[in-house]
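Undergrad: Before we start, here is the structure in question, set down as structure tokens.
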Amino acid sequence: MELSVKGIVRRFGPVTALGGVDLDVAEGEFLTILGPSGSGKTTLLKTVAGFEIPDEGRVLLGGEDVTLAPPRRRDVGMVFQNYALFPHMSVAQNVAFPLEMRRRPRDEVKRRVIEALRLVELEGYGDRLPRQLSGGQQQRVALARAVVFGPRLLLLDEPFGALDRKLRESLQLEVRRLQRQLRLTTLFITHDQEEALIMSDRIAVMDKGRIEQVGAPGDLYAHPATRFVADFLGESNLLDGSASAGHAAIPGFGAVPLPAGQPDGGVTLLLRPEALRIAADAAAMPCRGQGKVLETVFLGQSAKLRMALDGGGEVLARLPLRPSDPPPAREGETVAVGFAPEDLHVVPRG
Amino acid sequence: MSSPGDSRRTTARRRETALFLLAVPALLLLGIIFAWPVLRLLAMSVEDGTLANFEKATLDELYLYVLFDSVKIAAMVMAICLLVAYPVAFWLSRAGRWGVALGMFALLLPFWTSVLVRTYAWLVLLGRNGVVNRWLRDAGLIDAPLPLLHNTSGVLIGMVHVLLPYMVFPIYASLLRIDPDLSRAAEGLGAPAWRSFLRVTFPLSLPGVSAGCALVFVLSLGFFITPALLGGGRVIMVSMLIEQQVREFLDWPFAAALSTVLLVATLAIYALIGRITRGARHA
Ligand SMILES: Nc1ncnc2c1ncn2[C@@H]1O[C@H](COP(=O)(O)OP(=O)(O)OP(=O)(O)O)[C@@H](O)[C@H]1O
Ligand SMILES: [Mg+2]
């Protein structure tokens with residue numbers, strides 16, 4: 001493992017920011033830490049970078065224990081949320097900074113700065129001051145500065161937080177391309193689940209100072225281990241029912257079949273909104289119910305419906321739309337709703 | 001006929017005028033208590049229709065010497081203040097809530113006592129048999145009392161004491177304005193603490209250094225009470241010379257010429273400090 005975090009605990013007075021975090025990142029891997037505000041993401045990143053000393057636990061970089069090593073001894077490139085570019089230095093001076101601190105010869109510094117700026121498509125911007133650049137350009141300078149010295153680990157703390165959507169999307173792809181090209185082991189922080197799904201090899205979902213689950217994006221989406229992960233990643237219907245003899249009784253849908261080996265007792269089932277079909281499309285579905293449409297939202301390539309089920313409870317359905325399709329249902333209308341049982345996922349720790 | 005653009009510009013202009021009106025009382029006050037007397041002074045110095053007073057003030061060796069000496073003392077006060085104030089300001093900018101409260105109290109306390117009282121207090125402390133000399137003797141550090149009073153050392157000690165806050169506050173303010181992530185970034189990129197300070201924190205605090213230096217220098221150059229009392233007549237600053245011309249020789253025009261020279265010297269040095277620090281920032 002390039003980076004191993006073992007049992008990290010960090011308390012600030014009464015607040016436990018990190019309550020025992022274990023995490024492994026493989027060489028060349030892009031791992032995203034996803035979690036709501038205050039879940040401890042930044043604290044974890046600062047611990048890895050060396051700006052925080054944990055109360056308990058260890059940080060290993062390439063097998064070496066660096067828990068107490070100062071930041072400058074860790075060879076870690078970090079992009080801060082507000083870029084943290086040195087405002088009194090030109091773009092080239094900013095990018096040259098880590099090389100100068102390593103006392104590289106002058107002509108090597110010059111060459112590598114040019115290469116790094118080319119990598120982020122900012123050739124010819126070397127003489128500008130950071131404040132003469134747009135937000136996205138500053139972001140790319142920060143990125144160039146963090147990778148120019150060939151760090152063994154790249155840390156990014158919500159680097160796109162302050163950018164508009166278009167720019168965000170193009171930078172997401174650019175960072176991903178750069179990371180692959182340089183084969184950089186990367187720890188990326190975001191609270192935007194869509195961003196996490198787009199960019200990551202693996203995602204670690206964090207809540208209240210703990211890691212809830214780690215896995216590939218598709219795996220986390222389809223098989224969340226906890227209610228929190230199911231809820232936080234994508235949109236979800238969480239249905240509480242009780243299991244007996246391989247079936248679960250769910251209000252509104254009656255008894256639905258469960259995967260084999262499910263013990264009796266209370267269960268939480270995850271049903272993604274896109275698994276639901278309504279009206280005529282619902283007729284072909286093995287599990288069916290009926291409900292009143294409370295709200296419809298048009299989203300371009302799909303429509304979202306909030307429905308009150310006849311047996312009690314609410315569900316969210318997302319229906320794909322072609323441009324020629326009429327609206328799938330009107331508000332107030334009562335329609336059939338159904339799904340296939342294989343689209344159900346039992347949340348193990350509901 | 002006026003286009004919509006015209007009326008927008010009028011509205012914008014009206015807003016600017018309204019804002020300007022807010023500054024009028026302060027401008028009037030400045031005009032009455034500052035600009036007018038300065039003009040009167042200038043007029044007085046050339047009352048006899050010649051530049052004779054200015055010739056005397058700028059060419060006579062004695063006066064030049066005093067002016068040079070004043071500049072030298074002001075520069076020394078400024079330098080000592082800077083050396084003492086920077087670490088204090090730096091510590092304050094990193095201190096916790098209680099540290100800041102304590103530091104602010106200690107810095108502001110002298111402001112609640114008059115300069116005259118504080119200067120007399122130094123007379124008691126620094127004399128041949130004053131508190132400082134007695135301590136040093138009791139501690140066995142010296143045999144004979146140090147000459148701390150009625151010389152340049154005494155003047156420097158007293159002036160630094162009075163002017164120190166004027167250096168601490170601007171530097172403290174500019175250090176607070178620096179994003180703490182910048183020094184973190186520097187350290188993360190491989191800089192030891194001292195290099196991060198030299199390359200990032202210090203250059204970014206230069207506006208505060210510049211403001212503090214200018215304030216202390218300008219105030220030092222015209223300082224009167226403290227050098228007059230602690231210098232014991234052996235240290236003469238331009239301000240004392242001016243006072244002497246008025247009080248003893250009743251030579252108002254020459255005093256006015258000296259004052260004008262002092263004012264010009266002050267402005268010149270003020271500009272110089274600004275230029276040096278701006279240059280250093282992007283070095
Ligand atoms: N220096 C500190 N002193 C006291 N409490 C702190 C400190 N740093 C973080 N905390 C607390 O630790 C918890 C986790 O903070 P952290 O900054 O790691 O959250 P985060 O996941 O990065 O949130 P966000 O998405 O808002 O940036 C929060 O409750 C925060 O208040
Ligand atoms: Mg954060």
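Using the three backbone atoms N, Cα and C, a Cβ is placed for every residue, glycine included.
TrEMBL annotations: computationally assigned, not manually curated.
Sharing the feature lines straight out of TrEMBL:
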- B:20-42: transmembrane segment (TRANSMEM)
- B:62-86: transmembrane segment (TRANSMEM)
- B:67-273: domain 'ABC transmembrane type-1' (DOMAIN)
- B:98-123: transmembrane segment (TRANSMEM)
- B:155-175: transmembrane segment (TRANSMEM)
- B:204-232: transmembrane segment (TRANSMEM)
- B:252-273: transmembrane segment (TRANSMEM)
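Could you tell me the structural context for the features on the list?
TA: When Cβ-Cβ distances below 8 Å are used as the criterion, the transmembrane segment (B:20-42) is approached by residues 256, 259-260, 263 of the same chain, each at least six residues removed from its ends.
Remote same-chain residues near the transmembrane segment (B:62-86) are listed as 56, 152, 155-156, 159-160, 163-164, 166-168, 171, 209, 212-213, 216-217, 220-221, 223, 227, 235-239, 241, 258, 261-262, 265, 269 (criterion: CB distance under 8 Å, separation of at least six residues from the stretch ends).
Within the chain, the transmembrane segment (B:98-123) has long-range Cβ neighbours (under 8 A, six or more residues past its boundaries) at 88, 91-92, 130, 149, 154, 157-158, 161-162, 164-165, 168-169, 225-226, 229-230.
Outside the transmembrane segment (B:252-273), and at least 6 residues removed from its termini, the chain residues within Cβ reach (under 8 Å) are 38, 41-42, 44-48, 53-54, 56-58, 63, 67, 70-71, 210, 213-214, 217-218, 221-222, 238-239, 241-242, 245-246.
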